[in-house]
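Q: What TrEMBL shows for this protein is this:
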type	residues	note
TRANSMEM	21-45	transmembrane segment
DOMAIN	71-306	domain 'Calcineurin-like phosphoesterase'
TRANSMEM	358-390	transmembrane segment
Amino acid sequence: MAMIEMGFERQNFHPLKRKSALLLKLIAVVFAVLLFCEFLIYFLAIFQCNWPEVKTTAYDGKQATREPVLKAMFLADTHLLGEFLGHWLDKLRREWQMERAFQTALWLLQPEVIFILGDVFDEGKWSTPEAWADDVERFQKMFRHPSHVQLKVVAGNHDIGFHYEMNTYKVERFEKVFSSERLFSWKGINFVMVNSVALNGDGCGICSEAEAELIEVSHRLNCSREARGSRRCGPGLLLPASAPVLLQHYPLYRRSDANCSGEDAAPPEERDIPFKENYDVLSREASQKLLWWLQPRLVLSGHTHSACEVHHGGRVPELSVPSFSWRNRNNPSFIMGSITPTDYALSKCYLPREDVVLVIYCGAVGFLVVLTLSHLGLLASPFLSGLNLLRKRKTR
């Protein structure tokens, strides 16, 4: 009788052991895939990015001086979803992607300053005070950064509305969180941050105020280029004598993206579509004013969600920064800049492609199905099938 009971226990023990082994294998595979796709893949992609080299020696006609280098990151169009648009899974997935990408870039690249070129939020143009507070809280969690790293944000049309939707309340609400600062100087480098939505040129109150601020910035920049102690400039703290970097959401005027190229440019079928002034790009007049008032050495913008490089007047380069979110691009990226008071160098850092991550997940699901069926005896193990075939060949 005892022998019969022991045999029965052994028969029950083997299926239980096999099920436990299968469960452990499934858990190990799921854990490994999640770890890679949700964490390690960002390190793998961003680890390949390096700060571009820039000349650090400047000559003032008499002697050579070594200039400090500022490491700056530029990203655009994060479009954090609000309470109305988008599925909750869409919000969770894309915001996790941006958070992991941003935090990984901070840890690996250690920038000194980060600029976000507008459209931080997707529904800021119509969000209620409660929804706005929730969006801001999520933004601050996703884009948290050490106190020694500066984070600067310019307004986009989805943050404060297009010109016809914009009002003082929305602008002040945005500036209360992100500052109304128009001029930022660090390490001898001047950055001008423009509310490009307000440059419609129709004389509205917000537009007139924005133009007056830019004229004042222009005056201060011109004084920095003149001889010290100029009577026209009067007393006061002078800015570094460096041509500024212009940062805004709308690109300066261009007819279309027809001359744009590269893997993250607009799709070929969209490049020849004419841009609408004050909607897709700034107007000709506003663009000429900015170039004349500020005389920038470099312009960076967002809004189009695609990359493009153009030269205005044959001398002022503008780089449109692609979207940072999978929601707008399969291959998001950001710009890395090594900048000195007299020179700069830019490079692009690509984030993981969304389709690659989806393919990995689909492959993992297929592998789990095959593994489960093999353990249940419903599918012959490829290894055993190959071994049996080899044995048959040897016996012939």
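Just so you know, glycine gets a Cβ as well, placed from its N, Cα and C.
Unlike curated records, TrEMBL annotations are generated automatically.
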Q: Other than its close neighbours in sequence, what residues sit by the transmembrane segment (21-45), given a CB gap under 8 Å and a spacing of at least six beyond its ends?
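A: Beyond its ends, the transmembrane segment (21-45) has Cβ neighbours at 96, 100-101, 104, 108, 349-352, 357, 360-361, 364, 367-368, 371-372, 375.
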Q: Summarise the model confidence on the domain 'Calcineurin-like phosphoesterase' (71-306) as a single mean pLDDT, whole number.
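A: Mean model confidence (pLDDT) across the domain 'Calcineurin-like phosphoesterase' (71-306) is 93.
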